[in-house]
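K.L.:
Mind looking over this structure? Questions follow.
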Amino acid sequence: FILGETCSALLLFISIMTMFMSGVVAIFEYDLKKIIALSTLSQLGMMMFSISLGLYELAFFHLLTHALFKALLFLCAGILIHGAGNTQDIRSFGGLSLNFPLVTVCMNLANLSLCGVPFLAGFYSKDLIVELACQYSWGIFVLFMMFICLSLTVLYSVRLTYLSFVGPYGGGTSISVCESDYSLVGPVVILSFTSLVSGPILSWLNFPAPVLIFLPVFLKWGALFFVGVSLLVMLSLQGLAYSYKWGAVSKFSGLMWFLPWLTGQGFSMKTLKNA
């Protein structure tokens, strides 16, 4: 490795913990933009995880595919916020698929790509990182945490979809006139198309020769198995969707494990108060 064994091990640990923390916090978050930002943090952790294993080209490949479907996700979120009376609280959404059918389809397409559903853009990069990590991994703990982080991605994505489009109406005001504005919908449609076709195209451009992967059957299907199980778990646990029922766990996760206070707020408050 270019980074050296010690630096790679440290980066591996930090990247896995970043993916895990951001996934757990996103499950208990209500702010739409914060959920997408935490999702971005999780995928950056995935890229650093790939770099820690020496898979630099795959990290760049995932950066490109992630940029396309995450841009689509942010644009769809902006349209929803604008159409829902400038509110970002997903508890005030619910049933928006009736007022925003096109945005619903495009945003769910971006969410499915983020989860790594086969034949979408995110699948070609994430699945390749997971399979090569299984082939060259440093131990069972790394594999277990990697699959757990994949499951968390599916959990908060399905929760976001349920509360925004499928769940009961949250009481906020919504207007569907946003979909008649082509300056808003046009870029969303274009990015939706790229989320469909960018995966294989970028794969052919970055890897002209096929990548050979030798794995046992249970590891080969491991990623899709965890994605499917997480989808079923999230659909059956509506209490996790409305995470106010989880009390202290929700509060602890909402504060991002006290990291803002430990890394800056606590020190700056003390020093500025003394000054």
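Every residue, even glycine, has its Cβ placed from backbone N, Cα and C.
Pulled from TrEMBL, these are the listed features:
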DOMAIN    5-147  domain 'NADH:quinone oxidoreductase/Mrp antiporter transmembrane'
TRANSMEM  6-28  transmembrane segment
TRANSMEM  35-53  transmembrane segment
TRANSMEM  59-81  transmembrane segment
TRANSMEM  102-124  transmembrane segment
TRANSMEM  136-158  transmembrane segment
DOMAIN    156-273  domain 'NADH dehydrogenase subunit 5 C-terminal'
TRANSMEM  184-205  transmembrane segment
TRANSMEM  211-235  transmembrane segment
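Distances, neighbours, how buried they are, the whole picture for these features please.
P.N.:
Remote same-chain residues near the transmembrane segment (35-53) are listed as 3, 8-9, 11-12, 14-16, 18-19, 22-23, 25-26, 29, 59, 62-63, 66, 70, 73-74, 77, 90, 114, 126, 129, 132-133, 136-137, 146, 149, 152-153, 156-157, 160 (criterion: CB distance under 8 Å, separation of at least six residues from the stretch ends).
Long-range contacts of the transmembrane segment (59-81) within its own chain (CB-CB distance under 8 A, at least 6 residues past either end) are made by residues 32-33, 36, 39-40, 43, 46-48, 50-51, 87-88, 93, 96, 100, 103, 106-107, 109-111, 113-114, 120-122, 124-126, 128-129, 164, 178-179, 184-185, 187-188, 191-192, 194-195, 198-199, 202-203, 206-207.
Beyond the transmembrane segment (184-205), the same-chain residues lying 6 or more positions past its ends with a Cβ under 8 Å from any Cβ of the stretch are 61, 64-65, 68-69, 71-72, 75-76, 79, 82, 102-103, 105-106, 109-110, 113, 119-125, 178.
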